[in-house]
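Everything below concerns the one structure shown next.
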4 protein chains.
Amino acid sequence: MAEIKCIGILTSGGDAPGMNAAIRAVTRTAIYNGFEVKGIMRGYKGLITNEIIPFKTQNVSNIIQQGGTILKTARCMEFMTPEGRKLAYENMTAQGIDALVVIGGDGSLSGARIFASEYNFPIVGMPGTIDNDLFGTDTTIGYDTALNTIMEAVDKIRDTASSHERLFFIEVMGREAGFLALNGAIASGAEAAIIPEIATEVDQLSELIGNGFRKSKNSSIVLVAESELTGGATGLAERVKNEFPQYDVRVTILGHIQRGGSPSASDRILASRMGEASINALLEGQRNVMIGIQNDELVYIPFSKAIKNQKPINRDLLNTIKILSI
Amino acid sequence: MAEIKCIGILTSGGDAPGMNAAIRAVTRTAIYNGFEVKGIMRGYKGLITNEIIPFKTQNVSNIIQQGGTILKTARCMEFMTPEGRKLAYENMTAQGIDALVVIGGDGSLSGARIFASEYNFPIVGMPGTIDNDLFGTDTTIGYDTALNTIMEAVDKIRDTASSHERLFFIEVMGREAGFLALNGAIASGAEAAIIPEIATEVDQLSELIGNGFRKSKNSSIVLVAESELTGGATGLAERVKNEFPQYDVRVTILGHIQRGGSPSASDRILASRMGEASINALLEGQRNVMIGIQNDELVYIPFSKAIKNQKPINRDLLNTIKILSI
Amino acid sequence: MAEIKCIGILTSGGDAPGMNAAIRAVTRTAIYNGFEVKGIMRGYKGLITNEIIPFKTQNVSNIIQQGGTILKTARCMEFMTPEGRKLAYENMTAQGIDALVVIGGDGSLSGARIFASEYNFPIVGMPGTIDNDLFGTDTTIGYDTALNTIMEAVDKIRDTASSHERLFFIEVMGREAGFLALNGAIASGAEAAIIPEIATEVDQLSELIGNGFRKSKNSSIVLVAESELTGGATGLAERVKNEFPQYDVRVTILGHIQRGGSPSASDRILASRMGEASINALLEGQRNVMIGIQNDELVYIPFSKAIKNQKPINRDLLNTIKILSI
Amino acid sequence: MAEIKCIGILTSGGDAPGMNAAIRAVTRTAIYNGFEVKGIMRGYKGLITNEIIPFKTQNVSNIIQQGGTILKTARCMEFMTPEGRKLAYENMTAQGIDALVVIGGDGSLSGARIFASEYNFPIVGMPGTIDNDLFGTDTTIGYDTALNTIMEAVDKIRDTASSHERLFFIEVMGREAGFLALNGAIASGAEAAIIPEIATEVDQLSELIGNGFRKSKNSSIVLVAESELTGGATGLAERVKNEFPQYDVRVTILGHIQRGGSPSASDRILASRMGEASINALLEGQRNVMIGIQNDELVYIPFSKAIKNQKPINRDLLNTIKILSI
């Protein structure tokens with residue numbers, strides 16, 4: 001295996017708070033270990049359009065606290081084609097990049113896996129997504145911040161005056177995973193979470209209302225994952241209007257505010273440790289692994305495992321929500 | 001005029017951050033001056049249902065920093081009828097209340113005005129609304145906090161990655177007044193504000209896009225007041241899809257988070273000073289006035305002026321937004 | 001063993017954000033399971049002065065987001081004496097309390113252990129302390145919030161203008177444990193952490209400055225645990241003035257702001273789950289254990305282990321700080 | 001008078017939140033009006049060391065929300081000498097700069113005034129200081145943010161548990177002006193503010209304690225301006241230990257966190273409007289004026305008035321604090 005001299009770094013997919021802390025950690029650990037570093041703009045797109053910038057330690061000064069990603073991110077169709085990946089490979093080698101660190105979610109790591117196997121190119125991945133839906137790691141970069149953002153929004157909604165039988169549906173992100181809705185509901189003291197994981201098993205809305213819920217309270221807050229399986233906040237509001245017209249329903253869609261904001265302490269620490277670990281992994285000859293954290297220990301997860309498996313949700317927490325909102 | 005011995009206090013209409021700071025100030029200034037104080041629950045409704053509680057200085061401890069209102073608020077249909085107001089008057093006199101402080105918006109102060117004239121009852125009003133739409137006062141309790149809440153949400157949205165020609169419509173409150181949209185846009189560095197005040201004069205959307213706006217930038221943020229006149233964020237998004245399909249539109253509806261949250265320093269100071277002033281007004285024999293602030297001086301505005309006139313918006317700021325987002 | 005009917009709950013020692021979320025969870029889970037609940041004011045002191053209040057589900061409404069503890073907390077000398085504990089026991093039995101949930105740090109759980117063994121009284125403990133220094137649990141209630149508070153303060157200090165060779169010492173809590181200083185330094189991108197754990201092994205200040213630190217940067221931020229072993233921020237500033245007079249030193253002492261604030265999502269979730277677990281523990285016949293969390297699983301730790309052992313700090317992180325601040 | 005083609009901009013003195021919003025507004029309004037813009041680093045120092053950078057509209061993208069100043073700031077001794085100012089003038093003219101916008105406090109505007117008169121150079125000033133101590137403007141850029149920072153810190157301290165007769169002294173900035181202490185005390189519901197303005201008239205500490213203060217409460221919070229006249233928090237704590245040993249005193253020194261942080265909505269709007277106004281002033285042929293805001297109108301204040309006069313504090317607010325903390 002050829003020696004690595006220059007490491008490229010990119011962020012891909014939906015952006016997540018803590019990506020900048022990760023970029024900083026990767027860059028500085030690489031430089032500390034004698035590598036050259038190049039920043040690739042707009043995810044895989046920058047590989048194709050050759051938007052690649054030499055990175056010094058100053059390039060990552062004063063970014064640990066910033067939301068978003070200084071490298072930008074974009075979805076890239078071309079990289080899904082063999083021709084696109086060939087062009088990416090040619091640009092990278094022309095730039096002298098001989099290893100890659102990719103920060104992103106499930107789709108981004110899938111792309112990395114295909115590319116790595118086609119070109120035998122050393123890649124290390126880092127889980128950067130607010131959805132927390134990657135198998136092999138207890139938590140992902142951005143998840144904790146998004147959870148706090150949701151909680152603070154619900155705190156504000158709870159402040160407002162209550163009137164009888166008012167039902168607030170607050171839609172949060174999580175197309176295929178209910179982590180944000182479930183844990184967001186516990187953190188904010190909401191009355192229920194409606195999540196995709198159990199959508200095919202239970203009619204969560206009927207159960208919620210049919211149980212004679214909230215007899216003793218004046219208004220209720222329900223967090224809804226924005227999945228087709230749940231119906232989303234708007235879909236549920238429609239159903240309530242038709243099936244349970246006695247309730248006064250309000251909808252808030254938090255939307256992109258969940259992707260932004262200065263990262264929490266926990267996300268910055270995670271991103272910093274994972275960033276350092278990604279360079280250590282390359283130094284140890286690891287390739288095509290995602291850095292994970294399990295029981296506070298950094299681990300290497302083969303791409304094939306990180307992306308193929310479904311990360312299970314803790315269903316006991318649904319019961320916790322029910323008990324704590326009596 | 002009979003001497004005042006016991007002052008009732010209520011919050012009414014949509015709640016606003018700083019109402020608790022106002023309640024604290026009214027209560028403590030009243031007690032300091034030897035008055036008895038009674039808290040009336042759920043706005044005018046509590047007068048009708050006789051939900052009235054004796055208030056000591058401890059009742060308002062540790063509330064200055066809390067959003068919402070400990071007295072709750074509700075819309076009250078009965079108080080709009082002569083029978084309802086009669087019942088309210090009877091309950092108040094039975095409780096020994098001989099003056100009233102009302103904290104709320106335009107509708108709440110209208111109710112106060114009618115009641116005061118019917119029963120010759122001493123009432124002082126305080127402008128509590130996030131909309132800042134009351135004539136006679138430079139600013140209203142809750143407006144500054146809501147402005148900061150909006151700004152922080154937009155900051156988070158701006159963090160997220162940019163792609164070409166993406167247009168974010170962020171809907172903020174302000175059914176009849178564009179203060180939040182206009183000043184929120186300046187504070188957050190947004191590219192435009194779409195407000196009801198000029199909706200009948202200009203097609204703001206066409207102007208925004210037709211001007212070849214944002215040629216040099218990748219994505220744009222527009223704040224939209226939630227008025228029928230503006231079409232709201234959802235209405236505008238529909239129009240863009242039909243008329244300017246080259247744009248990728250995203251909608252966020254901030255909703256009730258704008259009414260909540262711990263009040264800002266400015267709102268707490270305003271509420272504290274106005275609360276003190278409301279008792280001073282009663283001591284001076286003032287009746288049926290709203291406390292206002294003009295050029296940092298506390299003033300008394302007759303109810304008839306506070307509610308009848310339209311507060312003008314500073315149109316120069318539309319130009320400021322345009323210049324500062326080049 | 002007699003059946004438990006009524007559970008007392010108290011918070012003790014230095015207060016920590018999330019204690020209210022814990023009180024809410026204990027109270028509601030207990031009521032859900034048919035227990036009576038009594039709130040004991042001011043920690044062990046309330047047992048001696050008999051300040052004990054019946055708790056219903058409404059008593060813990062709308063507190064999950066509040067810092068501090070609605071039960072108050074105090075240090076209590078009398079409870080350290082056999083006579084004090086006898087009085088506490090008599091008051092508790094007179095009130096019908098036949099089990100106790102104690103939320104607090106090392107000292108508070110020590111008191112619980114002694115009392116439990118003297119009177120064969122069922123007690124379950126919960127780790128509530130910002131210091132994170134309790135063995136047997138990965139994290140303690142309040143630690144994550146304090147870490148975020150520290151980080152936000154350092155973010156603000158980093159904003160301010162830099163001049164040559166300025167050295168900021170920021171003192172954080174942690175009399176015997178460097179968790180807050182160490183992880184706070186990583187989260188805030190500080191240049192160093194000075195912690196008690198290695199104070200007897202290394203002269204951390206000499207190492208920091210002697211290493212020719214920060215040659216390339218204009219100003220540096222160092223987090224210092226407030227321990228006698230570290231010298232504290234003020235002590236270190238004195239040493240710098242004498243030994244390295246070329247540096248311009250500034251000191252900030254964060255003090256009690258670290259104990260306050262609305263709890264983070266992570267702390268609220270931890271407190272909620274631990275609160276539920278404390279009642280489950282009593283239902284399962286567990287006594288004299290602290291609820292801990294290990295690898296995201298709730299566990300029972302005998303009091304003797306929870307309080308006697310020193311929780312080790314991850315020393316690798318000192319190296320991480322050094323690498324990431326190049 | 002020669003036509004202006006190129007405008008230099010600098011920030012000077014202690015930095016203040018909102019300076020970046022001001023830089024953005026000055027830069028974009030200048031470019032909008034056809035001027036060239038140059039950013040001068042580290043205040044007047046950059047004029048002497050010739051650290052001057054061409055500024056395009058992109059240079060000020062995405063900075064409105066950032067604390068600190070991207071132009072940095074420093075105190076500059078050389079600029080206080082005729083030789084230093086001569087060098088500054090030569091560098092500026094060599095760079096083609098023919099007008100200057102200076103953002104800073106009293107000292108910075110004094111420097112501007114001297115320079116302007118010596119070299120007949122067009123300068124417009126903007127009041128950037130958290131202390132709010134500039135005559136001629138109702139408020140200064142950074143003041144509102146600092147007030148909110150102080151309030152949030154006090155909110156956290158108030159959260160922590162109360163024990164009998166504990167007295168918290170919280171030191172805030174304001175060497176010669178008590179605006180932050182006075183209004184910070186109202187905003188945070190503190191029991192008193194100790195300010196330099198009345199230090200020579202009254203022994204504020206004796207009055208506070210001698211009045212039998214806080215008989216009914218368990219702990220008290222007092223904000224202290226960090227002036228020699230007040231004694232500062234540490235000085236007052238010493239006095240209490242000697243004169244009133246029954247009190248348990250705690251000291252928190254907020255320090256540099258007051259200068260940092262993302263600017264509030266109010267500060268961003270003020271900075272944006274003033275920045276626009278500074279270019280308008282130059283366009284109108286105004287020279288050697290500070291932009292002020294009075295009654296929400298932008299005004300021009302001659303340098304001689306802006307810096308020479310003492311801005312009076314509203315003494316009635318001392319009484320408000322006393323009444324509201326009963």
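Backbone N, Cα and C define each Cβ position, glycine as well.
TrEMBL has this to say about the protein:
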ACT_SITE  B:Asp131  active site, proton acceptor
BINDING   B:Gly14, B:Arg75, B:Cys76, B:Gly105, B:Asp106, B:Gly107, B:Ser108  ATP binding site
BINDING   B:Arg24, B:Ala25, B:Val26, B:Thr27, B:Arg28, B:Arg158, B:Gly189, B:Ala190, B:Glu191, B:Lys215, B:Lys217, B:Asn218, B:Ser219  ADP binding site
BINDING   B:Asp106  Mg(2+) binding site
BINDING   B:Thr129, B:Ile130, B:Asp131, B:Arg166, B:Met173, B:Gly174, B:Arg175, B:Glu226, B:Arg250, B:His256, B:Ile257, B:Gln258, B:Arg259  substrate binding site
DOMAIN    B:7-281  domain 'Phosphofructokinase'
> Which of the three DSSP-derived classes (helix, strand, coil) applies to B:Arg250 (substrate binding site)?
Replying inline: strand
>> Show me the subset of B:Gly14, B:Arg24, B:Arg75, B:Cys76, B:Gly189 whose Cα is within 10 Å of B:Arg259 (substrate binding site); these are the binding-site residues I mean.
In response: B:Gly14
>> Residues other than B:Gly14, B:Arg75, B:Cys76, B:Gly105, B:Asp106, B:Gly107, B:Ser108 within 8 Å, Cβ to Cβ centroid, of the ATP site?
In response: B:Ser12, B:Gly13, B:Gly43, B:Gly104, B:Gly111
> Rounded to the nearest angstrom, how far is the Cα of B:Arg75 (ATP binding site) from the Cα of B:Met173 (substrate binding site)?
Replying inline: 18
>> Using a Cβ cut-off under 8 Å and a sequence separation of 6 or more, which residues in the same chain sit near B:Arg175 (substrate binding site)?
In response: B:Asp131, B:Pro196, B:Ala225, B:Glu226, B:Ser227, B:Glu228
> Can you tell which of the binding-site residues B:Gly14, B:Arg24, B:Arg75, B:Cys76, B:Ser108 lies nearest to B:Ile257 (substrate binding site) in space, using Cα positions?
Replying inline: B:Gly14
> From the Cα of B:Arg250 (substrate binding site) across to the Cα of B:Ser219 (ADP binding site), what is the distance in angstrom?
Replying inline: 11
> Within 10 angstroms of the C-beta of B:Asp106 (ATP binding site), what count of other C-beta atoms is obtained when all protein chains are considered?
Replying inline: 20
> Taking just the CA atoms, what is the gap between B:Cys76 (ATP binding site) and B:Thr129 (substrate binding site) in Å?
Replying inline: 17
> Among the binding-site residues listed here (B:Arg24, B:Gly189, B:Glu191, B:Arg250), which has the Cα closest to the Cα of B:Gly107 (ATP binding site)?
Replying inline: B:Arg24
>> For the binding-site residues B:Val26, B:Ser108, B:Arg250, B:Ile257, B:Arg259, return the ones with C-beta distance to chain A below 8 angstroms, or 'none'.
In response: B:Arg250, B:Ile257, B:Arg259
> Cα distance, B:Thr129 (substrate binding site) to B:Arg28 (ADP binding site), nearest Å?
Replying inline: 22
> Fewest neighbouring Cβ atoms within 10 Å: which of the binding-site residues B:Gly14, B:Gly105, B:Gly107, B:Gly189?
Replying inline: B:Gly107
>> For B:Asp106 (ATP binding site), which of the listed binding-site residues (B:Arg24, B:Val26, B:Thr129, B:Gly189, B:Glu191, B:Arg250) have their CA atom within 10 A of its CA?
In response: B:Thr129
>> So among B:Val26, B:Thr129, B:Gly189, B:Glu191, B:Arg250, all listed as binding-site residues, which is physically nearest to B:Arg75 (ATP binding site)? Use the C-alpha atoms.
In response: B:Thr129
> Do the binding-site residues B:Val26, B:Arg175, B:Gly189 include any whose Cβ comes within less than 8 Å of a Cβ in chain D, and which?
Replying inline: B:Gly189
>> Among B:Val26, B:Cys76, B:Met173, B:Ile257, the binding-site residues in question, whose Cβ has the most other Cβ atoms within 10 Å in this structure?
In response: B:Val26
>> Out of B:Arg24, B:Arg75, which of these binding-site residues shows the lowest number of other CB atoms within 10 Å of its CB?
In response: B:Arg75
> Does anything in the same chain, at least 6 positions from B:Thr129 (substrate binding site), have a Cβ under 8 Å from its Cβ, and if so what?
Replying inline: B:Gly13, B:Gly14, B:Ala16, B:Gly104, B:Gly105, B:Asp106, B:Thr140, B:Ile141, B:Gly142, B:Tyr143
> In this predicted model, what is the average pLDDT of the domain 'Phosphofructokinase' (B:7-281)?
Replying inline: 93
>> Going by Cα-Cα distance, which of the binding-site residues (B:Val26, B:Gly189, B:Arg250) sits nearest to B:Ser108 (ATP binding site)?
In response: B:Val26
